[in-house]
């Protein structure tokens, strides 16, 4: 089978380019003429959407942030679901999951800049490891509600998802390794390094 006609390659490209769609950037630009890369943390995710819009349109800021999060999660989940319906192997589905998150974090439409990967990561995990994704989501919600620090709640939720995955599945079904999950976790952690620096300096902003 040639490179061009290989359906796996088609899905890998689809995952990266759909994962790279910067919904937060597009929504803020289209409705408010705000360039998310020039405000707040410069990220294109829901948290920065909320921060950027709070002063401009406080009544709709949370709604736009929630919409951004939903779209970012769906773009990761939908590509995998289509791959499942097309009969792609579990190995291919995991590769798609990784590439969707990489696409979001290093978007081809924004000169390889992007978001933190949390919502897209949650979307792909909801399909691949739904129980672990639910555990991570609960931790993220509880910590976020209590401490109101988005980066910390995201990383603790990620940690909970990782730990629970090893406890529930010592070997990930059908692939026998946690490697794709660890790659996704590494990418998300890497994108949060500036947040961790600010956190240790006491400069990380809270989200109200």
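Cβ atoms here come from the backbone N, Cα and C positions, even for glycine.
Taken from Swiss-Prot, the feature transmembrane segment applies to 7-27, 63-83, 86-106, 123-143, 149-169, 170-190, supported by sequence analysis.
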Contact call for the transmembrane segment (123-143) and the transmembrane segment (7-27): at least 3 Cβ pairs under 8 Å, seq gap 6+: no
Selection from 63-83, 86-106, 170-190, the stretch that has most Cβ pairs under 8 A to the transmembrane segment (7-27): 86-106
